[in-house]
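J.: Sending over a structure as structure tokens; questions will come in a sec.
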Amino acid sequence: MSWDPNPVPRTLRCWRLRRASETALQSSRRAVEDQLKICGHRRDADVFELFLSKKELTEVIDLSRFKKLKYLWLHHNKLHGITFLTRNYCLTELYLNNNAIFEIEGLHYLPSLHILLLHHNELTNIDATVKELKGMLNLKILSLYQNPLCQYNLYRLYIIYHLPGVELLDRNQVTEKERRSMITIFNHKKAHIVQSIAFGGKVDASWDPKSPFKQKPAQRVPSDFAFANNVDKTVLDDPEDAVFVRSMKRSVMTLTSMNWDTVPTREERYLEEEGTETAQMLTVTLR
């Protein structure tokens, strides 16, 4: 172990850190006030957007005073975390790319978020990141590329699986093929149900190749208890699977072909009989 001839006292180190934090917050406060002056806002309730990009910010003051803030630009700074957005429930677009953010704790307070850019940061924990974003039901556009967590195997499918509402991930549209692959890889139970229905088989709700415990067998309704025109239905333990199976059974197939009874014969066309009906299409719907 190397010996430092001039050790810095612990109290002095803490004082320096506190002093640096205060200086960073003062710089952030000045940047916010400058933006308010530029936009001519006199009341916090009038602030709908803030441009704080490229300000060399390492910390940001609490922005909860801006209740109606909807658009926030903080890209190209030196931020390490997100602790300044606790009551900005109206925020819909947040630009945090090109920083040094290593955790995003605090984003789950933003239920209205629609666009979130986090590329070019230092995010490493993919599970913690997904956990923080799961509650954002309105999130449609997300960017996480150029983060260490992108090196995980099947990273993109993992994000799509846990955030099914996202439509544009890392500047690429989420495709139906990716969604099917995601179900096959991460949701074995639902994939098994889909395959069973597709091939006319019965659904075994207790099937789960990765289950660490023994599941209860699927309950069955007595055969003499009828529902509408169906008898002996399978009751699934998971309500989501029950809804999924029901939606699959409601699929409708429509077949369209020419109604040849309405097509005039060659003789009829030759004689040009009056009252000859024009050819019609015949549509058959199967449920």
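Glycine residues also receive a Cβ, built from the backbone N, Cα and C atoms like all the rest.
Swiss-Prot lists 46-67 with the feature repeat 'LRR 1'. Annotation comment: Swiss-Prot describes 68-89 as repeat 'LRR 2'. Annotation source Swiss-Prot lists repeat 'LRR 3' at 90-111. Residues annotated as repeat 'LRR 4' in Swiss-Prot: 112-133. Marked as domain 'LRRCT' by Swiss-Prot: 147-185.
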J.: What average pLDDT does the predicted model assign to the domain 'LRRCT' (147-185)?
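T.: 89, rounded to a whole number.
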J.: Report, as numbers and ranges, every residue of the chain located at least six residues beyond the repeat 'LRR 2' (68-89) whose Cβ falls under 8 Å of a Cβ in that stretch; write 'none' if there are none.
T.: 45-62, 95-107, 109-112, 117
J.: Under the DSSP assignment, what numbers of helix, strand and coil residues are found in the repeat 'LRR 1' (46-67)?
T.: 1 helix, 3 strand, 18 coil
J.: How many helix, strand and coil residues does the repeat 'LRR 4' (112-133) contain under DSSP?
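T.: Tallied per class, the repeat 'LRR 4' (112-133) gives 8 helix, 3 strand, 11 coil.
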J.: For the domain 'LRRCT' (147-185), give the DSSP counts of helix residues, strand residues and coil residues.
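T.: Final tally across the stretch: 22 helix, 4 strand, 13 coil.
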